[in-house]
Amino acid sequence: MRRVYLDHSATTPVDPEVASLMMTYYTEKYGNPSSIHSFGQEAREALEKAREQVAGFIGAQPAEITFTSGGTEADNLAILGAAEAYKDKGKHLITTAVEHHAILETFEFLAKNGYELTVLPVDEEGLLSVDGVQRAIRPDTILLSVMHANNEVGAIQPVAEIGRLAREKGVIFHVDAVQSLGKIPVNVNDLNVDMLTVSSHKIYGPKGVGALYVRKGIRLVPRVYGGGQEKKRRSGTENTPGIIGFGKACELAQARMADEAAKLTGLRDRLMDGILERIDFVKVNGPRGAKRLPNNVNVSVQYVEGESLLLSLDMVGIAASSGSACTSGSLDPSHVLLAMGMPHEIAHGSLRFSLGRQNTEEDVDYVLEQLPKIVERLRRMSPLFDQMQREAGAK
Amino acid sequence: MYTEKVMDHFTNPRNVGEIPDADGVGEVGNPKCGDIMRIYLDIEGDTIKDVKFKTFGCGAAVATSSMVTEMVKGKTITEALDISNAAVAEALGGLPPNKLHCSNLAADALHAAIKDYYDKQEKAKG
């Protein structure tokens, strides 16, 4: 059976070039980078090269990069670390309703522990208003965190403008760029950020590796104590093979990004337009055009439920994801779709396809051939579809 | 995540559809929580002659609906009232823990249909 992977926002395969480079650092150059012997020093050298590669990709200085175990840890370090370091200046924090759980849950923890939290709403396309951010900033605001691009609906936030505003007001600005890195330009200077989170496994690097960019001069209290690695910001023996893989993945992504983004945008629009053409009662979630990530397609298929769609797609070899309650692990559908004002029943029928490096037009056309049949089968079973048709008939 | 039996009932659901002028119709769930099950019964004397369903929901919701129709066809009303949500899940070889509450309502839909049948009988007697 044909297998089509369209869940690259969940994770990507490791590039073979990255994997083979990593293997050397597991089996041959396995030294601890803190050791002074040659085994340690060859690992140290490769680790620092990776730091330069990651820094170079986002326009930072190598010394401003702290490696972590992934995006979640980098988000936690940024928020908890800055909140603690600047608590004497104020205790007000700002974020948005559509952030990743790694951000939201961390802020919620602080809100239960003596901080005050403002969660900004988004419009029906999932976009934040710069004016809204301006109004939310107070004299005691110390930290503002806004994602660069949304993982579910691909909405790209006006981060550079928000960053300018934050800088004017003296508020530390953190950006979660896990989904945008490698797809659209991410430059810490252009975006006016103070801290920025990136993750390796979303850009064809290994899982379990991420990094936090911290602009020189920003103070951060560590969350992990121990041997003082990563300039005391994050103790623990470095995941050398993983970090080196991440560095290589950044180098490859940097070289390929422009071509890849153009190709993915073409596939994205072919898939989105194709779905709208072939299936009735479908709604696009998130913005269209330049304000959307080049690889993200998110639609709500009305009168059917997301998990049923995913299971049916999986049976014909297509991997996608959904914001339905059944797939979110809670009783509510995706917090992102709800924040965009979508009714529960439509959010339950949401379907995300996230395209990647190996996808082809044939992959897209295979989805366009299979999905209408699946939707038709599920709608035949759906009492809601029934009801809608009956009501439409009565009119 | 799902047993083979669940996937079989999801892929090839039994008794999908509706019965025009059914003797009893039961519906449970709501679109907000992502599951709606509707069951139609054709009853002759004390026996469930035919049963159909329509379901909006996840894999477990579709499979439990399909399974309950299979379990109840040809049974008496008394036997049908004895079928519980847990028995439906068990007949499917079990459900993932998070599905036991939200999507395991097929027996409730069946019982609602039987109640509807009784209500209609009462009304007819006037």
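Backbone N, Cα and C atoms are what each Cβ position is placed from, and that goes for glycine too.
In the record from TrEMBL, residues A:Gly71, A:Thr72, A:Gln179, A:Ser199, A:Ser200, A:His201, A:Thr237 bind pyridoxal 5'-phosphate; the candidate from A:Asn113, A:Asn151, A:Asn189 listed for the same site is A:Asn151. A:Thr72 (pyridoxal 5'-phosphate binding site) falls within a helix when secondary structure is assigned with DSSP. When the binding-site residues A:Thr72, A:Ser199, A:Ser200, A:Thr237 are compared by the number of other CB atoms within 10 angstroms of each CB, A:Thr237 has the fewest. Spanning the residues A:Gly71, A:Thr72, A:Asn151, A:Gln179, A:Ser199, A:Ser200, A:His201, A:Thr237 that the record associates with binding pyridoxal 5'-phosphate, the maximal Cα-Cα distance equals 30 Å.
For the pair A:Thr72 (pyridoxal 5'-phosphate binding site) and A:Lys202 (N6-(pyridoxal phosphate)lysine), the C-alpha distance works out to 13 angstrom.
Within 10 Å of the C-beta of A:Gln179 (pyridoxal 5'-phosphate binding site) we count 26 further C-beta atoms, all protein chains included. Once Cβ contacts within 10 Å are tallied over all protein chains shown, the recorded positions A:His201, A:Lys202 are led by A:Lys202.
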